[in-house]
Amino acid sequence: MTGKDRILVAVDTPDLERARELVQGLTGRVGGFKIGLEMFISHGPAFVREVLDGGGKVFLDLKLHDIPNTVAGAAGAAARYGVSFITVHALGGPEMIRRGVVAASAAAEAEGLEPPTLLAVTILTSHSDDDLRAVGVEGNCGDAVLKLAAMACAAGAGGAVCSPLEVRGVRERFPGGAL
């Protein structure tokens, strides 16, 4: 993997023309593009296909979080686009993650596509320890990230997403890129 392949550019705008300019200007110079909720809801699968057809890779950051059957269906549908990464929310639990991984792999393989990597979002970067306590999670963000990352890994996620503040702890807990 080259240095540029490690760079994913966030396309966090509902402005379709601005997004197109960004993607066209950077395709081939970066590893891919993160398409989040705002862009996806504003312009849907058509924009994902546009990026893919133009030679870009897509990290579809929708943080899927629902009952396992629903996440499996959504992950399978997303995998059929040919995206490289799909996010699920780790708080959905191990069964939800397992079902998402299996469905995404099966759907991609049925289309002759490379299965996407499902990444588990641990704790949102905007959350504080107080936010966690407010929703009934004991401990601090760092501890919660480690617990959720371990659970997600055991459930089959290909990696975890956390804030830069927790990266060191995750790397220490999972040396050698085990997660």
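Even glycines carry a Cβ here, placed using N, Cα and C.
Confidence across the domain 'Orotidine 5'-phosphate decarboxylase' (6-179), taken as the mean pLDDT and rounded to a whole number, stands at 95. Taken from TrEMBL, the feature domain 'Orotidine 5'-phosphate decarboxylase' covers 6-179.
TrEMBL lists Asp12, Lys34, Thr125 with the feature substrate binding site. In the three-state DSSP scheme, Lys34 (substrate binding site) falls into the strand class.
Residue density at Asp61 (active site, for OMPdecase activity): 22 other Cβ atoms are found within 10 A of its Cβ, drawing on all protein chains shown. Annotation note: Asp61 (active site, for OMPdecase activity) sits in a strand segment as assigned by DSSP. The active site, for OMPdecase activity annotation in TrEMBL covers Asp61 (among others).
Sequence-distant neighbours of Lys63 (active site, for OMPdecase activity) (same chain, six or more apart, CB under 8 Å from its CB) are Leu37, Thr87, Val88, His89, Val121, listed in sequence order. Per TrEMBL, active site, for OMPdecase activity is recorded for Lys63 (among others).
The active site, for OMPdecase activity annotation in TrEMBL covers Asp66 (among others). Cβ neighbour count for Asp66 (active site, for OMPdecase activity) (all protein chains, 10 Å cutoff from its Cβ): 15. Secondary structure at Asp66 (active site, for OMPdecase activity), as computed by DSSP, is coil.
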**Request:** Out of Asp12, Lys34, Thr125, point to the one nearest Asp61 (active site, for OMPdecase activity) in space (Cα versus Cα); all of them are binding-site residues in the record.
**Result:** Lys34
**Prompt:** If you measure every Cα to Cα pair among Asp12, Lys34, Thr125, the residues listed for substrate, what is the largest value in Å?
**Reply:** 16
**Request:** Determine which residues of this chain, when Asp12, Lys34, Thr125 are set aside, have a Cβ within 8 Å of the centroid of the substrate site's Cβ atoms, and list them as they appear in the sequence.
**Result:** Ala10, Gly36, Asp61
**Fill in**
Long-range Cβ list for Lys34 (substrate binding site), cut-off under 8 Å, min separation 6+ in sequence, same chain only, gives Leu8, Val9, Ala10, Val11, Asp12, Phe59, Asp61
